[in-house]
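Down below is the structure, laid out as structure tokens.
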Amino acid sequence: MATSNPAFEGDEPSDTVVTVRTFSAGTFDTSASNQQTSPTPKVSNLHAPTEQGGSSRTSTVHPEMNLMKNIQKVQRDKWGKDIEFLLSCIALSVGLGNVWRFPFTALENGGGAFVIPYLIVLMLVGRPIYYLEMLISQFSSRGCINVYDASPAMRGIGVGQTYSTFIVMTYYASLMAVTMRYLIASFGDPLPWSECDEAWNATCIDSRLITNMADNATTKAVTSAELYFVKDVLKEATTIHDGIGTPDWRLVLCLLVPWTCICLTLIKGIKSSGKVAYFLAIFPYVVMVVLLVRACTLEGAGDGMLYFIKPQWDRILEAKVWYAAVTQVFFSLTICFGNVMMYSSYNRFHNNVYRDVTIVSIMDTITSMLAGLIVFGVIGHLAHVLDAPDIKQVVRGGAGLAFITYPDAIAKFTFWPQFFAIAFFLMLFVLGIGSNVGMATTIMTVIRDRFPQLQPALVAVCIAVVGFGIGIIYTTPGGQYVLDFLDFYGASFVALVLAVFEMFTFSWIYGVSRICRDIEFMLGIKTGLYWRICWGFITPTLLSAILLYHIATYETFTFNGYVYPDGMYAFGWCVFAAGVLQLPAWAIYTFLKRKEPDWRDRLVHCFKPTHDWGPEDPELNAKYHESVYKHEQSLPRERSIARRIFDNVFS
């Protein structure tokens, strides 16, 4: 549980010492930091006038506050305009998860009924975390690792989240390579997946033909769209017991395209990516509107859209439906991966992030619903022309929804199917690039925060080269096996565990009440009861419950029913441990780095903000620390545990 923290606690003592007359309350830490800042002047024998009773009188400006003004820090880059930040967040959050993950997840978990748990979770988990991450990074101008200067012992959370982001970034680009392969193929006439190829050596049905699904239920015939994806694009292996195989040269060349786009976008750091955000955030909506209009004109599209939004009320109380809603919110808003913190750290100090959070969360939900209507409108048309008794017969989840079901439907269009294919895959590619740029920028920010002398162009090229090199793994016949495996053990599971600790760190170690005071200092607005209750109780509780549910219902991970070799599962748990164990490892390192003689003092200081925590501007930083100091002096000396809990949330 958090109590309000003195302004300068949480730092390692160094040769730069500030000697201050001790206050009777004993709440003010006189140690300074050994961080990389310019030398600060030595101040000694500063005596404050003493009132009767032995307590010292607090002056308006304290020596420590003046000391903060002398701290010289490397100024971070800033967004050219506030709108660039907003559009970048939209481009980051609105991605592939909205186009194929949300529609299929909704379908599998109650259709329209899933939207209700999703919106509830969005309000009680998604928006509070999104707002918190934006606030804390904008306030401190720190990225996803340095933001834990608020509680140095918890720095491992940021390191683990960066680790997960790196894993996601590498395989996300490989999905862009597959999308690029389809985009190029969409210019062909006829579409290459619309007809069977003898080289596939399988019982195949041309996707361009209108064939009743029920008539082929007893056969092992497969559509050409599915065989094209599995045998021509992925060249997918039936097992990886003998290895993952050799990379496909066409996918490798396609992989060059997204990494080239990412590298060029980041070539000048946040300034260049902010300009590109106008295109990455706006263009997909232009395509979506065109696709929606076209989908609404298709015969049978209304049945598909109705099937997508029709509630299945008997599913709404199932625990797995709520778990699916939480995971979808994580993927949709891209929270607890460090990306939002990274973007927000480049904001102006007084930027209205409350407005931005509202806009992004609304746009994300609208995009998910819009994408669902488009996709299932086309699927409804597919079911109509096939005379399928159930739409589920023509739907495949995951990547299959975008690369099998959708192309199969397009192949049956009699009028200009190439246009529909080009528009859809171009939209997918732009959406994916927007999200991938955000992840790559997170890695760049971490590197440049540690080595500020490095030029953005050099870091961008290095990230692209390393990402491309690792991404080649996913272009092999066993690449999809590895992709799903790493997504589970290295990204989703790790992110959920660290999300729980992130919430407890900022809500109960740093403190909800201090966050609210920081908001008032930064934006001049009071924090409402909704945010306080969510941060203090509801969001941490729901995340903890979801994590416990995930652990309790854990089943051995498989890929389309395929059981991996035992060695792969051992490797998977090592990948998981490498992310989660960052937290205790950095906590131990922080504890050992402290110089206090008493281990209790050392432990307490590990969880208190560093001496320079707060606004980046030295003048604002000094004023902030003065306000923190005054608040500390106003607190009662003795408080019960219940009173501390109440003050932490409602003070």
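Glycine too: its Cβ is placed from the backbone N, Cα and C atoms.
Automatic prediction, not curation, is the source of TrEMBL annotations.
Features reported for this protein in TrEMBL:
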BINDING   VAL94, ASN98, SER332, LEU431, SER435  Na(+) binding site
DISULFID  CYS196-CYS204  disulfide bond
REGION    28-62  region 'Disordered'
TRANSMEM  83-100  transmembrane segment
TRANSMEM  112-132  transmembrane segment
TRANSMEM  163-184  transmembrane segment
TRANSMEM  249-267  transmembrane segment
TRANSMEM  279-301  transmembrane segment
TRANSMEM  321-345  transmembrane segment
TRANSMEM  357-379  transmembrane segment
TRANSMEM  415-437  transmembrane segment
TRANSMEM  457-476  transmembrane segment
TRANSMEM  488-509  transmembrane segment
TRANSMEM  529-550  transmembrane segment
TRANSMEM  570-592  transmembrane segment
Practice task
Examine the transmembrane segment (357-379) against the transmembrane segment (279-301) and state whether at least 3 Cβ pairs sit under 8 A, considering only residue pairs 6 or more apart.
Solution key: yes
Handout entry: Same-chain residue ranges lying at least 6 outside the transmembrane segment (279-301) that approach it to Cβ under 8 Å
Key = 87-88, 90-91, 94, 367, 370-371, 373-374, 377-378, 380-385, 420, 423-424, 426-427, 430-431, 433-434, 437
Handout entry: CB-centroid shell, 8 A cutoff, Na(+) site VAL94, ASN98, SER332, LEU431, SER435, site residues removed
Key = LEU92, SER93, GLY95, LEU96, GLY97, VAL99, ASP364, THR367, GLY434
Exercise for the section: Taking the transmembrane segment (112-132) as the first stretch and the transmembrane segment (249-267) as the second, find out whether 3 or more Cβ pairs fall under 8 Å, excluding pairs closer than 6 in sequence. Expected result: no
Practice task
Check the Cα-Cα distances from CYS204 (disulfide bond) to the binding-site residues VAL94, ASN98, SER332, SER435 and tell me which is shortest.
Solution key: ASN98
Exercise for the section: Would you kindly check 163-184, 321-345, 415-437, 488-509, 570-592 and say which stretch has the most C-beta pairs under 8 angstroms to the transmembrane segment (249-267)? Expected result: 163-184
Exercise for the section: Would you confirm whether the transmembrane segment (415-437) and the transmembrane segment (83-100) meet the contact rule of 3 or more C-beta pairs below 8 angstroms, pairs 6 or more apart in sequence? Expected result: yes
Problem - For the transmembrane segment (321-345), sequence-distant contacts whose Cβ falls under 8 Å of one of its Cβ atoms, 6 or more beyond its ends - result: 76, 85, 88-89, 92-93, 95, 97-98, 101-102, 105, 108-110, 113-114, 117-118, 120-122, 125-126, 129-130, 133-138, 140-145, 147, 158, 161-162, 164-165, 168, 315, 353, 360-361, 364-365, 368, 435, 438-439, 441-442, 445, 492, 495-496, 498-499, 502, 542-543, 546, 549-550
Handout entry: Beyond the flanks of the transmembrane segment (163-184) by at least 6 residues, Cβ under 8 Å
Key = 96, 233-234, 250-252, 254-255, 257-259, 262, 337-339, 399, 402-403, 407, 421-422, 425-426, 428-429, 432-433, 435-436, 439-440, 442-443, 467-468, 470-471, 474-475, 479, 483, 486-487, 490-491, 494-495, 498, 575, 578-579, 582
Exercise for the section: May I ask you to check whether the transmembrane segment (488-509) and the transmembrane segment (529-550) make contact, with contact taken as at least three Cβ pairs under 8 Å and only pairs 6 or more apart in sequence counted? Expected result: yes
Practice task
Please list residues from the chain of ASN98 (Na(+) binding site) whose Cβ is under 8 angstroms from its Cβ, counting only those at least six apart in sequence.
Solution key: SER332, ASP364, THR367, SER368, ALA371, LEU431
Exercise for the section: State which of the following recorded positions has the fewest other Cβ atoms within 10 Å around its Cβ: VAL94, CYS196. Expected result: CYS196
